[in-house]
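Enquirer: Quick paste of what TrEMBL says about this protein:
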type   : residues : note
DOMAIN : 11-121   : domain 'Cadherin'
DOMAIN : 122-190  : domain 'Cadherin'
DOMAIN : 214-317  : domain 'Cadherin'
DOMAIN : 329-415  : domain 'Cadherin'
DOMAIN : 416-469  : domain 'Cadherin'
Amino acid sequence: MKGERDRWKGNAVTKDIDLCHNTLPPTPCCSDIGVTAEDADIGANQVIAYQLAANVSEEVHSKFKIDSTSGWISTVNLLDREQMARYEFDVIASDNGFPRRSSLANVVIDVGDINDNPPVFTQTRYFATVNEDVDIGSTLVTLAVTDQDLTASRLLYYITSGDPRSQFSIKPNGALAVIKPLDREDIKPYKGLILDREASWGVSKINYNTPYCSKFRYKESVPEDAPLDTLVFKVETKDVDEKEESRVRYFLTGRGAEDFSIDSTSGEVKIARMLDRESQSKYRLVSHVQDLEELLWECTADVIIIVSDVNDNRPQFKVENLTALVPEDLEVKTPVNVILGNNRRVRYSFPASTDDHFMINDVSGIITLAKSLDRESNIMHNLAVIAKDQGSPQLSSTAFVTVVVLDVNDNPPEFESKTYFSAVPEDAHLGTEVIKVFATSLDAGVNAEIIYSILRGNEHRKFTIDPNT
């Protein structure tokens, strides 16, 4: 029976959770962040469930959750002390009895600070002018830095460039001071880049620096049909004066440098002449960034420009007109001729209207007989062969093959008439012509020459026949 009200071990829970600052959710706040309530009842009446109170803000809900069974509080999103340093909310513990009873506890979570914000210079550029006889230890300019972190440690400053003789130093308070004698005739204006320990930076324009190339090698590819003024790349430099105070110029050297233009102030490299990969497929150039006042001050970078192939050449046949002589009794699938171009990726074909007596291998260009020939039906076959490359756009060429069918003695002579009649008197003289027979052949040449003879019925040799007529 329900008779006791839930009681918390403590009336409030307060915990610094600096270990949770900027950790990815879900993360338990700390090893002991949780709430615990006790219920003196037994059985189901003793089962306790935890939840955030109804008055808890959306901000709290977006950052924390509570396990309904254990009371364990975890983060569900990143915390940022600079946006919210403390969260305070209520947690309700309810039992499972009837009527249900509950208690309320207050939770206070202080977000501990970590060093997650870099120092920031209040100015991005500092200027100073100093006489060359300035006293050692004199301060030229003081760099001001802010840090959003609560427990920001001491800032450390460094001069990373522009002070080759170590004539300047930055004090812990950000003061830039002279530590060695200066000589204007020996070294002209200085320019230095000053960094704090977190890499936030500001430029102290005290002196001038030699040109510095950000990259020492460029490798670019352009199609050979790229139009004039196409931008190929831009030479990158660092620590160069502002545009209105520019003290450098850009130029290119090397074989074929005249095919490209480079803007002398911006370093943009563009196509100046139409490119031809077949004439020059690769350019090896050098880009220069030169100081206008001190011509010996310059930096260089290697430039490789590859001219990529564009399909601007049609396949070429070794011979565009071929003649093949084949016997009319050539067996099917026997090769007739070979058509080869100068591109290994060429594909061969016949036009749709081509005679179906032949077929062609699309890779090798070998023409073979597809069905039997008959010289008496067609003495000559005219074929067109198309060669297409696999480029884009696809280009093609056409060659012509004439196949002449040679005669084979495959037709017997035929007489004009199958039966001949003649009468001769019994007193006819020897040599008297009795009858003349005539035969023809569909073959040609020697295969059409006919020889006559008496095959039978002349056992007594009473008659003779002229073999030629």
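Just so you know, glycine gets a Cβ as well, placed from its N, Cα and C.
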Enquirer: Average the pLDDT scores across the domain 'Cadherin' (11-121) and report the rounded value.
Expert: 77
Enquirer: Summarise the domain 'Cadherin' (416-469) by DSSP state, stating how many residues are helix, strand and coil.
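Expert: For that range the per-state counts are 4 helix, 2 strand, 48 coil.
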Enquirer: Where DSSP helix means H, G or I and strand means E or B, what are the helix, strand and coil counts for the domain 'Cadherin' (329-415)?
Expert: 0 helix, 37 strand, 50 coil
